[in-house]
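Below: one structure, written as structure tokens.
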Amino acid sequence: RMFHDDELEESEKFYVGQPRVLLLIYALYNTLVARSEMVCYFVIILNHMISASMITLVLPILIFLWAMLSVPRPSKRFWMTAIVYTEVAIVIKYFFQFGFFPWNKHVDYTKDKPYHPPNIIGIEKKEGYVHYDLVQLLALFFHRSILKCHGLWDEDEKGDSSSNKEDTDDELSLTGGRRDSSASLKSVNLAASVESIHVHFPEQQTAIRRKSSSSISQLSHRSSFSSHRSKRGSTSTRNSSQKGSSVLSIKQKSRKELLMEKFREQMIKAKAFTIKKTLQVYVPIRQFFYNLIHPDYSAVTDVYVLMFLADTVDFIIIVFGFWAFGKHSAAADITSSLSEDQVPEAFLVMVLIQFGTMVVDRALYLKKTVMGKVIFQVILVFGIHFWMFFILPGVTERKFSQNTVAQLWYFVKCVYFGLSAYQIRCGYPTRVLGNFLTKSYNYVNLFLFQGFRLVPFLTELRAVMDWVWTDTTLSLSSWICVEDIYAHIFILKCWRESEKRYPQPRGQKKKKVVKYGMGGMIIVLLICIVWFPLLFMSLIKSVAGITNKPLDVSITITLGGYQPIFTMSAQQDQLKTLDPNEFNEFVRSYRGNTAALQFLEGYAREDITRADLEGNSNSLWTISPPSRQKMIEGLQNLDADFTLVISWTIQRYKNMKYLISLFFSRTLEEVYPFYIKAPSDSLAKPIKQLLRDCKWENITVSLVKNTSEEWWVLNQLGKRQKTPQEGLELFIFSDKVSPPSLGFLAGYGIMGLYASVVLVIGKFVREFFSGISHSIMFEELPNVDRILKLCTDIFLVRETGELELEEDLYAKLIFLYRSPETMIKWTREK
């Protein structure tokens, strides 16, 4: 070995011999040291998410628009700005914690108000007001110590001194000879001062220098001329006093004119000072972004997939947590709102904004414009921070720190900002070829690509956007044709690669593991799909069903459409569940009735409710005398039938009514149903299986008269519960209802599930088993490498701007698919 040190070798052996837990701690610490700036970014963003104030808003914006855009790393000026700003923020927060400030006297009342000024600024009084600021300051000092250890802390100062020296040499070379007109751009940090900036616009810089030099020369000329003039005036005055009338005296200026002249001179100096300070701020910022957009070199990278993934996660958060972005909608459900044809405004705005930013980001990626991406980044950073921390709290009427979903959405958006800044700093790739899922050929990419193509309108939208924002000579239909051929060839390539990895010897039958594994799974899946509605609807109520007992049972009897003669309802204690002995006795009474026993199999004891209704009507019979006389005449007419209407109402969590009309002549025999079934989704109806000889129960009706009032009394003759009081007895069988989590499926019913689920899946499955003979020519291709290479060549020449060659290659691809013989030659095994 060229270099050997015993101490280093012993140290390495000692390190390797340490426990794994300690080695893991060392590795985590080294990772922390290597990415200490990311730790600082995370702590700053976390502090802002929890505090959500104007004081903590400054540093996150500086991170996304300064630190992460700096090449190759954030400057010393940024870290000093962050450290000093954090220290000042801590002092300000501490100062405003004293109780003598008026807003600190009503903290409990104003702490949850989002638009309370101290809450917006971040100077409200609260417990632990600087905990996260101290953690942030500790992380910044930790990063500062690491930079000092590696000699990177004072790197900017050395760069500034070297740039000053280069500027001096350039200025000296200008006096001796002609500067090279094609001077290259030089990168500078945003922290550089105006004097150390080597401006990279020769014409503009010369003009600026000329203007500044001319303005300074004019200013000095004016001041010298005025001083010379004042001296000359004083001399002439003195000479005139000495010589008398021999010399003509010069008229002296008044005090007002002298003050105005002095004022103009001060205004000129102030204007020059303002211009100088403005240039000191503007020129470095302009130079910073110019160097960012026009770098001398760039490490090209492509993180669009990660940015798209972050946007997709944000989109999912909006869909499933949309209530966090609206007012008084904390308990809302997006499915129920959409089912009622109501679109929440907050949900609509957030979805449209998120989708719009994804489309714009895709367009910038296809155009590869760094300037557009920088402008988009600046607009998004300021716009989203203004929306999330100033507009959204007013819409939701709660502070951002109390909105967990909004905090999660903001954190994912910060990840997107970091990836976007990294993309800007490194630059867009020169060529964008195909889908990111088509980079390798395996089962994972195959199934992910197939899932991507199954999303409605996603493939079509991507194809049209790519055609709009990519320079090409192909028409839209030709573009879509190439995309479809490429997707088809990629799928075939994945299958051919899998066949190469897992070859099947010739003349050997398939293994039973493959046949019963794949085939058995498909058989079970198809059977489950066919019988899914029956199994689901039977199990949803028998296994996961919830008992839905009646809340109110009401009976109303009306004679011939006149005023009801009887009205009674049973509630609370009058609605009783059968005890085990009563239920067993109830079932045994139908021992020989198979239809009744079959009906009772679907109900448990807690599903049956007995309603005890009193025989006395709870309302007086207030019929008018003419109507009363007419009803009596109708009852006495034995040649005509008189209508008796019995209606009952069973109220559960969903009101259900059932009304029947029976025609009898002067009798109330077999008019009472006695057993009522209360389904979960239809009207209540009597149960015929439990009736003896299919006959209803008899009831007696009597009119009780008082001195000035009268009411009707009803009594059931065949009650199971023998009581001396008049009354009615009613048994209600309540169907179980599906749990709320499965209500969206159970609401379709058996026929609805067959029509909407089974038939659709059946049609989808049928496509894999039919029409195979028509696609053999394009499916059974032994080797698709040459066709795949032809597609990638089309993408490549399109990116390089060879549009004529793109047309030729596309014509070659179309001819290949039109010529079976050529296709066979191209796809032969090598």
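Note: Cβ is positioned from N, Cα and C throughout, glycine not excepted.
Remember, TrEMBL labels are computer predictions, not curated facts.
Annotated features, as they stand in TrEMBL:
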- 213-238: compositional bias 'Low complexity' (COMPBIAS)
- 239-251: compositional bias 'Polar residues' (COMPBIAS)
- 34-154: domain 'Piezo transmembrane helical unit' (DOMAIN)
- 576-655: domain 'Piezo non-specific cation channel cap' (DOMAIN)
- 667-829: domain 'Piezo non-specific cation channel cap' (DOMAIN)
- 155-180: region 'Disordered' (REGION)
- 205-251: region 'Disordered' (REGION)
- 14-32: transmembrane segment (TRANSMEM)
- 39-66: transmembrane segment (TRANSMEM)
- 78-96: transmembrane segment (TRANSMEM)
- 303-326: transmembrane segment (TRANSMEM)
- 346-365: transmembrane segment (TRANSMEM)
- 374-396: transmembrane segment (TRANSMEM)
- 408-428: transmembrane segment (TRANSMEM)
- 440-456: transmembrane segment (TRANSMEM)
- 476-495: transmembrane segment (TRANSMEM)
- 516-540: transmembrane segment (TRANSMEM)
- 742-765: transmembrane segment (TRANSMEM)
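Long-range contacts of the transmembrane segment (346-365) within its own chain (CB-CB distance under 8 A, at least 6 residues past either end) are made by residues 304, 307-308, 311, 314-315, 318-319, 322, 325-327, 329, 334, 337, 372-373, 376, 380, 395, 420, 428, 432, 462, 465, 468-469. The domain 'Piezo non-specific cation channel cap' (576-655) scores a mean pLDDT of 77 in the predicted structure. Tertiary proximity for the transmembrane segment (303-326) is limited to same-chain residues at least six positions away from its ends with a CB under 8 Å from its CB atoms, namely 332, 334, 344-347, 349-351, 354-355, 357-358, 361-362, 365, 392, 395-396, 403-406, 408-409, 412-413, 415-416, 419-420, 422-423, 436.
Sorting the domain 'Piezo transmembrane helical unit' (34-154) by DSSP state (H, G, I as helix; E, B as strand; all else coil) yields 84 helix, 0 strand, 37 coil. The list of residues near the transmembrane segment (374-396) in space but at least 6 beyond its ends in sequence, with Cβ under 8 angstroms from a Cβ of it, reads 52, 57, 60-61, 64-65, 114-115, 120, 289, 292-293, 324-327, 346, 357, 360-361, 364, 403, 406, 410, 413, 417, 420-421, 424. Under DSSP, the residues of the domain 'Piezo non-specific cation channel cap' (576-655) split into helix, strand and coil as follows: 31 helix, 21 strand, 28 coil.
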